[in-house]
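Asker: Can you read through this structure? Questions will come right after.
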Amino acid sequence: MMTRFACLHLFTMFLFTLLSGSSSAVITTESPLSMGQTLSSANEVYELGFFSPNNTQDQYVGIWFKDTIPRVVVWVANREKPVTDSTAYLAISSSGSLLLLNGKHGTVWSSGVTFSSSGCRAELSDSGNLKVIDNVSERALWQSFDHLGDTLLHTSSLTYNLATAEKRVLTSWKSYTDPSPGDFLGQITPQVPSQGFVMRGSTPYWRSGPWAKTRFTGIPFMDESYTGPFTLHQDVNGSGYLTYFQRDYKLSRITLTSEGSIKMFRDNGMGWELYYEAPKKLCDFYGACGPFGLCVMSPSPMCKCFRGFVPKSVEEWKRGNWTGGCVRHTELDCLGNSTGEDADDFHQIANIKPPDFYEFASSVNAEECHQRCVHNCSCLAFAYIKGIGCLVWNQDLMDAVQFSATGELLSIRLARSELDGNKRKKTIVASIVSLTLFMILGFTAFGVWRCRVEHIAHISKDAWKNDLKPQDVPGLDFFDMHTIQNATNNFSLSNKLGQGGFGSVYKGKLQDGKEIAVKRLSSSSGQGKEEFMNEIVLISKLQHRNLVRVLGCCIEEEEKLLIYEFMVNKSLDTFLFDSRKRLEIDWPKRFDIIQGIARGLLYLHHDSRLRVIHRDLKVSNILLDEKMNPKISDFGLARMYQGTEYQDNTRRVVGTLGYMSPEYAWTGMFSEKSDIYSFGVLMLEIISGEKISRFSYGVEGKTLIAYAWESWSEYRGIDLLDQDLADSCHPLEVGRCIQIGLLCVQHQPADRPNTLELLAMLTTTSDLPSPKQPTFAFHTRDDESLSNDLITVNGMTQSVILGR
């Protein structure tokens, strides 16, 4: 009897467990949704259930894409108040109201409406819309699409209604682990034509530009031929709605992040592809250059004033604070003279995102649009835009951006004197300046030449050769200068391959037909005798398929040359940062390059006769042979140690900003882990296609490392991936590589993997430790006034070459 009772008890417990983890089709008054249960859409595209975004006892009811990893939540019911009781459940009342009940604590959340109904149910559609439906009329009594969260899904809409003062907006999460309402709203405006805004409180944060039939004119990839997933309708009664229809992809979404970014995703079959994000760069942020300021969109965005305008505050402008904008250099004279020869006229500027505060004039043609503005002295600018018609500006031109290709033609009213100018005066000034500069340069060049001649006269022609003998570098050839000059066509510009940190590199061909690369040390560079001798001696002792091979050297008078094997494909940066050539290295090839560099590092750190710390590992020092195999080059800054030594300290900090580990940049301490840090930066560059010294994200100017950490924390890093690789990558492999890259750039050297561990991480699928949030110490820029190479000499430390 006891045995039978025990079996019955076990069966009951098993049945309860099975039911508690089951998936329901609908929620009714008789069948609520308990914690552990889920509600799936008909074709199992979406799922409703309880979840915890921060892996705590805090539970929320939400909707997410079913069977996608990581989970992407698109709507949350109880955003402001989580439940903590495991007995909580989602129910539907007899009056059609959805209720989230937290055990004995009562109602936590309610849909807030009641209906006269004989019966109703809640079900989840394949568009991700949770609906309460009347069982008799089949009419939707309530739906989640009317109460948006942070995500816009297929067939959902942003709306406004001036008569009722109602609007439907996106509201960001407070953080990526806190779904309560954050600081940002995404909405459309009631002006005609409407435009999209991200608002931070009551302050504009980002603007889409006015709607033009099928596109937003302020989003660069939406040109005149664009037909995308949006439709916008505005009526004369003061209401409008923007609907998102994405028919080309099964899964897609538009999310307003906790940091105020609009991100557009689509599932390409291999994972989420981030195909648009804003704001991202300076010009994306609302009013970055202030009134009458123009933000020029480029790899290094910059502000300038429209023609005829000058900075309102020159001092603030010089400090990089452009928000004060610009003011007119010469006031208009429209009222006094509107038709004569000295009347104001219009200056045209192309590829413009239409500024804010426009007014819709009519759908007339371009010439009539021009005439309307000419005869209205309050009209400061106009634009005739396909899909809109005539827009005019009677207020300050705010949030104007100039794109590199797409955009609209904007005509700005200027005083006649600003357009005519004084050409003769400009010519005279230019001639005087040119002549003065020529004379200064001539005298300077003559003085430098005289000093060089006098200095060289005191140097023995064979001084360098006496310091370096063939027996010191077995296997290397000594070339004479005449041979190298013939091979490189006397170092002609047509033979120049590029400019390195310590000089120029030229392509050459020896008499036997062998192609070579010649590194010619610049006399003005920071690499002197120590680095040059170091590179020759070191590289002669290293042989590995992922290290560049040196063939010989040439030392005559002040000339110092290194002769390398020629790399057909030059350096990795020529591919990675070129908009066309980057397409030649898909994800499998980039992953091979990452592994090849790691193998080269392993040889330097562990497998060679000498332990070598490179100290200047960066993308321009990775050369590619004809099969795109990577080879580490440029050993001028490397250090060699015996097998028991693992770190050293120098007072001479040399390297490249962005790639230098914190302990090396700040204290001069370097080790194998310093190269690991540089490798981590290099990995993130290869994955993203972005340059560490140029990348700047958000209004805070986040570095590539900061953005990689944020991306990995929120989406396992998939939106960091170069968008050109979407069709060739495996998301899990990319996410793993980003995690490895973040492990390599940890602040503490002890938290970084060594080279053996690094290669194991790249070649196996073993579990990886979770990285800590890195310290984003350096944010460098490629400004003309800054050098990419940091060579700060506070003393001299002599290299010591010891056997392993």
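Just so it is clear, glycine is given a Cβ too, placed from its N, Cα and C backbone atoms.
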Asker: From the candidates C283, C289, select the one that Swiss-Prot records as forming a disulfide bond with C303.
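Answerer: In Swiss-Prot, C303 forms its recorded disulfide with C289.
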Asker: Labelled N-linked glycosylation site in Swiss-Prot - which residue from N135, N569 would that be?
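Answerer: The candidate carrying the N-linked glycosylation site note in Swiss-Prot is N135.
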Asker: Including all protein chains shown, what's the count of other C-beta atoms within 10 A of the C-beta of C295 (disulfide bond)?
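Answerer: There are 24 such Cβ atoms around C295 (disulfide bond).
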Asker: Enter the number of other CB atoms within 10 angstroms of the CB of N54 (N-linked glycosylation site).
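Answerer: Summing over all protein chains shown, N54 (N-linked glycosylation site) has 12 other Cβ atoms within 10 Å.
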Asker: Using DSSP, would you call C295 (disulfide bond) helix, strand or coil?
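Answerer: Going by the DSSP assignment, C295 (disulfide bond) falls within a strand, counted as strand.
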Asker: For C283 (disulfide bond) and C289 (disulfide bond), determine the Cα separation and express it in whole Å.
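Answerer: C283 (disulfide bond) to C289 (disulfide bond), Cα-Cα distance: 8 Å.
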Asker: Consider the recorded positions N54, C289, C295, C369, C379 and say which one has the Cα lying nearest the Cα of S633 (phosphoserine).
Answerer: C295
Asker: Indicate the candidate from N237, N321, S693 with the smallest number of other Cβ atoms within 10 Å of its Cβ, considering only these recorded positions.
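Answerer: Taking N237, N321, S693 as the recorded positions, the minimal 10 Å Cβ count falls on N237.
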Asker: Starting from the Cα of C289 (disulfide bond), work out which of the recorded positions (C295, N321, C369, C390, S693) are within 10 Å.
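Answerer: Those close enough are C295, N321.
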